[in-house]
Amino acid sequence: MEHADQYSWIIPFVPLPIPILIGMGLLLFPTATKNLRRMWAFPNILLLSIVMIFSLDLSIQQINGSSIYQYVWSWTINNDFSFEFGYFIDSLTSIMSILITTVGIFVLIYSDNYMSHDEGYLRFFAYMSLFNTSMLGLVTSCNLIQIYIFWELVGMCSYLLIGFWFTRPAAANACQKAFVTNRIGDFGLLLGILGFYWITGSFEFQDLFEIFNNLIYNNEVHFLFVTLCASLLFAGAVAKSAQFPLHVWLPDAMEGPTPISALIHAATMVAAGIFLVARLLPLFIVIPYIMNLISLIGIITVLLGATLALAQNDIKRGLAYSTMSQLGYMMLALGMGSYRAALFHLITHAYSKALLFLASGSIIHSMEAIVGYSPEKSQNMVFMGGLRKHVPVTQIAFLVGTLSLCGIPPLACFWSKDEILSDSWLYSPIFAIIAWSTAGLTAFYMFRIYLLTFEGHLNVHFQKYSGKKSSSFYSIKLWGKEEQKIINRNFRLFPLLTLTMNNNEQPYTIGGKKEARITITNFGYKKAFSYPHESDNTMLFPMLILLLFTLFVGAIAIPFNQEGMHLDILSKLLTPSINLLHQNSNDFEDSYQFFKNATFSVSIACFGIFTAFLLYKPFYSSVQNLNLLNSFVKRGPKRILLDKMIYLIYDWSYNRGYIDMFYSISLTKGIRGLAELTHFFDRRVIDGITNGVGITSFFVGESVKYLGGSRISFYLLLYLVYVFIFLVISYFILF
């Protein structure tokens, strides 16, 4: 094993030649490089595949004999300070390396076709290679300073890719928003690193953990200061992993190309925050207040992400809030001390979410042929529906990813999420109730997305919409090259809750406001429309492989053993595993508890799915005059109250909980107001004092000149009087 580990330093640098060669090619041979741009995908995929094979070898050796290998080079040494640069190989490193490389390979294969017509094809692949290099460098870092360097590189690459289509104002604003939000967390991370160096005198993980534990055990450190430093470290993870209250950048990050959305949400940027907390868990675990803070932030994010996903029109934004909620589950597990469950869910969620994003990219790709190249239209579920018969392979992939995220066995996320839900009962009943309730919400909003996208009929054909520029509803805008005209931004999916087929029924009224209903009655419309088409094989192949991962990756950590069979590979890989909730366990009791909790969690998920079907499954042909909500609550005061509550919830969710608005008012406008006040104080007060002294001197001089009548004798007399007064004042002050 030692022989393989000695060459582990090469892992981050294998993909690095690609952006260097692309840059040199564009500088030296720009025409040839652009003409042969598709050739760069192959070496990119090949080099990342080499890293994947190397990571698999490391993981196998970790399973056979778990150990930690660290190698460092002295970078700067003097009498006061020494810094070492190296790599750190353990089970967490091997897991993250496999995750980054496998998801990265599938995303690169997918991107070759998805980005083939984009002018920024070469730039995209250069950024992607640098992104993978940065993330691999992060997970192999051996100290906090090295982590911070690669942490910033990961952030830089994500900003470049979020703002990839920088000519579009929305993409540029999203890039700025991600940058500013993450600056807050990164500044906290840097302060926390410096604080712990001041306490322990070391940046190296093993030395840091050992010294800090001894200081805590001997009560030789100020506990409040330690808690503050640990909170600052955690702030970096909060921003990077889009945890409340620094989550606002993640939905807007969907302005980047869909493949990068898959990579960010599955294996790179948002995973970096979870990795940081997992890496520093031996540090956090001796500070109970920090563990409570981590679990509290996690459970708030779980619930907030799920509720904000309920009424999103944009398919990618809905998936983004789903990612936020699932990251909250991972953070909750880490805060509870359930290290294994958190990493297990990180793995299963990565493959499931990568599958969902690549499938959504296939959907967007097919919709662009009808509505044009504009995210406001091609990603809008208002225009979708009935895609099941047009993109069947994509539909199957999206359905499998949806079922996995809902926690339906035997798919990947079922095993990991159920373990977190089970552990939550041991930690806090209140947290458990919230976590289990959110599992039902997850099933509801995920199937809402699925039903609005794939079931029913293609809504774009019944919206009086045309993809031509003459349309009064939208104008085609090619990535910011043209002015956007009329956009109906207030169109919401709340009316889809009440499907009515009765042409004579009046619009529905809430609180004096008329809410229009979508009524589709004439399916015999003869006008020929263009229809979506299935994506090419190079886009479908990665989706099918990820589908297999989603089906079978849960087998690496089946949480119970049969006689003679040891199926829990993940626990072997994570030996010794940190778990504060299962220090003493019995296999039979654990198996019984697992089946009991699994039955309950699947029942909650099925209830969420059933509710989504009731509200969003179209009944166009079979029940022409059925208003579904009327089957449960007849029209009257109770029905009006129910509708007001539903509208209130959907309005709150649609507007992102008004959190972005609050930040805009309190922070953005507040800072602008402070800047204007500072400018006023500087110009009117500070400059006023300076200018006032000059003006006063001028008028005093003119007054003296006028009184003296231009006689030198008077000036001398006045001068002597002033000197005498000055001497008198000085005498009384000194003596």
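Cβ coordinates come from backbone N, Cα and C, glycine included.
According to Swiss-Prot, the transmembrane segment annotation covers 40-60, 89-109, 125-145, 147-167, 219-239, 258-278, 280-300, 327-347, 354-374, 396-416, 425-445, 600-620 (among others).
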Interface present between the transmembrane segment (280-300) and the transmembrane segment (219-239) (three or more C-beta pairs under 8 A): yes
Tertiary contacts of the transmembrane segment (425-445) (same chain, 6+ residues out, Cβ under 8 Å): 295, 299, 302-303, 306-307, 309-310, 318, 321-322, 325, 329, 332, 336, 405-407, 417, 581, 597, 600-601, 604-609, 611-612
For the transmembrane segment (327-347), distant same-chain residues with Cβ under 8 A (at least six beyond the ends): 92, 95, 99, 237, 241-244, 270-271, 273-274, 277-278, 281, 285, 291-305, 412-413, 415-417, 419-420, 423-424, 426-427, 431, 435, 553, 556-557, 570-571, 574, 577-582
Close approaches to the transmembrane segment (258-278) from elsewhere in its chain (Cβ under 8 angstroms; 6 or more beyond its ends): 92, 96, 99-100, 102-104, 107, 110-111, 114-115, 124, 127-128, 131-132, 135, 138-139, 147, 151, 154-155, 158, 161-162, 164, 233-234, 236-243, 250, 284, 294, 316, 319-320, 323, 327, 330-331, 334, 339, 342-343, 346, 349-351, 353-354, 357-358, 360-361, 364
Beyond the flanks of the transmembrane segment (89-109) by 6 or more, those residues with Cβ under 8 Å of it: 5, 8, 11, 41, 44-45, 48-49, 51-52, 54-56, 58-59, 62, 66-70, 125, 128, 132, 135-136, 139-140, 259-260, 262-263, 266-268, 271, 275, 278-279, 343, 346-347, 350-351, 354, 358, 538, 541-542, 545-546, 549, 573-575
Recorded stretches the transmembrane segment (396-416) and the transmembrane segment (600-620) touching, at least 3 CB pairs under 8 Å: yes
Criterion met for the transmembrane segment (125-145) and the transmembrane segment (40-60) (at least three Cβ pairs under 8 Å): yes
